[in-house]
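As written in TrEMBL, here are the features:
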type	residues	note
COMPBIAS	302-313	compositional bias 'Polar residues'
DOMAIN	196-288	domain 'HTH araC/xylS-type'
REGION	296-327	region 'Disordered'
Amino acid sequence: MNGSKTIYSELVDIVSRYATDDGEHTTSIDGLIFGRRKSPTQLLHTSAQPCFALVLQGEKSLTLGDEVYRYGVGDYLVISIELPVLSQVTQASETTPLLGFGMAINPDRLKEVMGSANVARSATPPDDIRGVAVNKAAPDLLDASLRLLRLLDTPQDIPVLTPLIEGEILYRLLTGPFGPRLRQIAITETPSNRIAAAIAWLKENFMRPLRIEELADRVGMSVSSLHHQFKAVTAMTPMHYQKQLRLHEARRLMLVELLDVGSAGYAVGYQSPSQFSREYTRLYGKSPLRDIGGLRLAPRGASTNVPQKSKQLAESGGPTREHSLRS
């Protein structure tokens, strides 16, 4: 226990030194992001990328569909596939800000580690293939994480040692409680891998009308199997997933590219302005005009709640089914 406390103390020190202000901070290690928040946040709509994230101070929550995942000090989050989620910082203060870090998970690198470490490739899918998981970080995972973050203080070591330590972290994840889920994403022809292909196609073509039969044929699945497996991984249907992609992008276009409501809706595939406004209001709780107007008036430095296209460190929040390590 004392060893773990020492590790956490050093991890907190490193993140505090490199993330001095609120927000997310890139580092000199590609794909490694630090997060700091000095107060709880509102729900944030974001696109969560495949990653491993560890909370060092404070608490966060992440909502996928109607499921809520809460994670605090010592808990790690694994996201195995890109997912539209709601995130929220739930515990943070000036004296004890939320601190954490996230490491991007590259599927190709995952395959390399599986091959070099001879990790078992079970063809039988695990019972739970959801793309999000939360658990307590084991000592060996914490140790590898600390050695990765220490490299920031010896930048000359980063090019040589980063791939080795990142590989070790991936190995620990692959052989840990949620390893079977990660392995299913990396192995070709598994249901999870096919769903990853379906999601990749939806990301590139979300503005097009969605024909489920065409998508199922494209990824080599029956329509019923696609629906079942897609919901098992993402907690939503392909249609709902596409709708969230459209609305997140429309919101970004209005706030960042300054498109008007009608143009933004049309740009993401809506033919009916009234349908666009109705579905936007259902997701964000306000009409497009009220929502974007409020975001533009938000104080400088406040979270604008706009979906980011390339988040590696998932921020979090939500209702109904809860997955918590705090009982």
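Using the three backbone atoms N, Cα and C, a Cβ is placed for every residue, glycine included.
Mean predicted confidence for the domain 'HTH araC/xylS-type' (196-288): the pLDDT average there is 96. Counted with DSSP, the domain 'HTH araC/xylS-type' (196-288) comes out as 67 helix, 0 strand, 26 coil.
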